[in-house]
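Would you mind keeping the following structure in view while I ask a few things?
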Amino acid sequence: MNSRTTTFFKLAVMAGVLAFPVFGSDFYAEMIAKVMILAIFAMSLDLLVGFTGLVSFGHAAYFGIAAYAVALLTPKYDPANLWLALPASVLAAAVAAFVIGLFVLRTKGIYFIMVTLAFAQMAYYVFHDTPVGGGSDGIYLNFKPDAAIAGWAPFDLNEPLHLYYFVVAAMLFAYGLLKLVLRSPFGRVLVGIRSNEHRMLSLGYATFRYKLAAFTLAGALAGLAGFLYAVLFGFVTPEYLSWHKSGDVLLMVILGGMGNLAGAIAGAVALVGLQEIFTSVTKHWQLLMGLTIVAAVLFMPGGLTATPARIMARINGGKGNV
Amino acid sequence: MSEVLLASEGMTRRFGGLTANQNVNIQLERGVLHALLGPNGAGKSTCINMLSGDLPPSEGAIRYKGEDITGLTAYQRSRIGIGRSYQRTNIFPKFTVLENCRLAAQSRKPRPWSLFTDALRMPEAVERARAAINEAGLSGREDRVAGTMSHGEQRQLEIAMVLATDAEVLLLDEPLAGMGSEESAQMVTLLNRLKATRAILLVEHDMDAVFAVADRITVMVNGQVLESGSPEQIRNSPDVQAAYLGHEAEHE
């Protein structure tokens, strides 16, 4: 696909997403909102995995910490204020990522994968085994945050339509922010670190600080996703921080194509879509899921976003145009 | 006497029971190309790694323009003007030549917080990168993907990247390794041009090239400096002949 086709495709998808709740059912609107939230989550991980070369296997920790933050910040019989709860939740995730990053970024390769997992498991058990967040049952978020500013509410998250468009706006914000970051001098350094960290050091870059900043930003955006997820579904459980969740988001990134924000979105769509289809077919859906993922990794190296180009190359193969 | 930029004093490095460098004193002056010679295992790489900050010395001090920089890390040394190239080509193979050098140049004014800047359009970094590409003799190849170039060109790029950081001291680890004779000759011309305004340490195996460009030569054997002096002194030193030149000759 050339860049004009790609842009057209993106705009068409965007138009479809914007128009959907007007025509489509509430059930599917909620599913699309869920996909968009997971897309934010996947894009935040792609900043680490695809652009900086840091394979984090504990990214659900930051998602879950922000989800718990909004649940714990919400009083029992009142809604929390959105403009306080949202930044506070994102900040909680960012602080957690910063502190954990200080430790885990001292390791590399397989050790990095293991220690990110270990820290995420620690966070998981904090919520699972202590009464802080209702233990293994989790807690309900009885009221969605209130968007009122000094008595005036520009929108109401209790309205499914408003919530839907709030999620759309959040996803566009995350996408736009990451695009800016990747274009900026900071982003170019991250890509350099992925390619050859040692050389970046000898060129005068304090690579540890760059990686820590990326890790913190990724944690903050995962937190944004976790916040929205808690608000959308109205409850929070320790499962939000579990390694399954970390694995799922990693799968989205791999399935969509690493190092490509659109790929992370495509991966979220694909994973949720497949889950939906397979669960409707059989209760042994995880078997189908596993086989599909193995097949995808085998036959679609580079992920979904690289596949059109590969198919075109195959078609044009005879003309020597690879 | 010209200006001493980088100097080591009693620099020593031990790896367990092995002393890889013992009491190495080396001075790099502006306008002087200083070659470091020695057989395999003599400690040349250890020496250059300590000067560049990739490896901390066990003992001794390193000074840059008179200041003690022994405790500085590799990236801090790069920031103050000590650049190095690597024996094994160490570039960003998937980036273009321009992006390799632009990234190197960006490190001088990294501006990590300017979110709204398009890094590819930072005029200062792009200009410095282009200047370095021209100086290293790679003009016209800005848009080539680095990994697809010939070995010799990649070695030139390696040097262009160091130049793009505006380094005053160049620590070059075997820039001629694996080059054909024509490429070598070009590189020798380049080195001669570069030394006018900078201090260069050249670690090299190619004896002909060393004697063609070096102003000073230090010969290391078994982690120690055997002899240091002008090419003439080195050529006529009986110790060097016994330890190194003779040894080399046996293979030829």
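Using N, Cα and C of the backbone, Cβ positions are placed for all residues, glycine too.
Sharing the record's features from TrEMBL:
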- A:6-23: transmembrane segment (TRANSMEM)
- A:35-62: transmembrane segment (TRANSMEM)
- A:82-105: transmembrane segment (TRANSMEM)
- A:110-127: transmembrane segment (TRANSMEM)
- A:163-182: transmembrane segment (TRANSMEM)
- A:212-237: transmembrane segment (TRANSMEM)
- A:249-273: transmembrane segment (TRANSMEM)
- A:285-304: transmembrane segment (TRANSMEM)
Are there at least 3 C-beta pairs under 8 angstroms linking the transmembrane segment (A:285-304) and the transmembrane segment (A:6-23), leaving out pairs fewer than 6 apart in sequence?
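Touching, no - the transmembrane segment (A:6-23) and the transmembrane segment (A:285-304) miss the threshold of 3 or more Cβ pairs under 8 Å.
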Mark yes when the transmembrane segment (A:249-273) and the transmembrane segment (A:212-237) have three or more Cβ pairs under 8 Å (sequence separation 6 or more) and no when they do not.
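Contact between the transmembrane segment (A:212-237) and the transmembrane segment (A:249-273): absent.
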Of the listed stretches (A:35-62, A:82-105, A:110-127, A:249-273, A:285-304), which one yields the highest count of Cβ-Cβ distances below 8 Å with the transmembrane segment (A:163-182)?
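The stretch with the most contacts is A:35-62.
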Quick one: do the transmembrane segment (A:249-273) and the transmembrane segment (A:82-105) reach 3+ CB pairs under 8 Å, ignoring pairs fewer than 6 apart in sequence?
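Checked: the transmembrane segment (A:249-273) vs the transmembrane segment (A:82-105), no contact.
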Against which stretches of its own chain does the transmembrane segment (A:82-105) lie, if we need a Cβ under 8 Å and a gap of at least six residues from its ends?
54, 56, 58, 61-63, 65-67, 69-70, 73-74, 112, 115-116, 119, 123, 145-147, 149, 157, 208, 211-212, 215-220, 222-224, 226-227
Would you kindly list the residues that approach the transmembrane segment (A:110-127) from elsewhere in its chain, counting only those six or more residues past its ends and only Cβ-Cβ distances under 8 Å?
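Here the qualifying positions are 54-61, 64-65, 68, 96, 100, 103-104, 133, 135, 138, 238, 241-243, 246.
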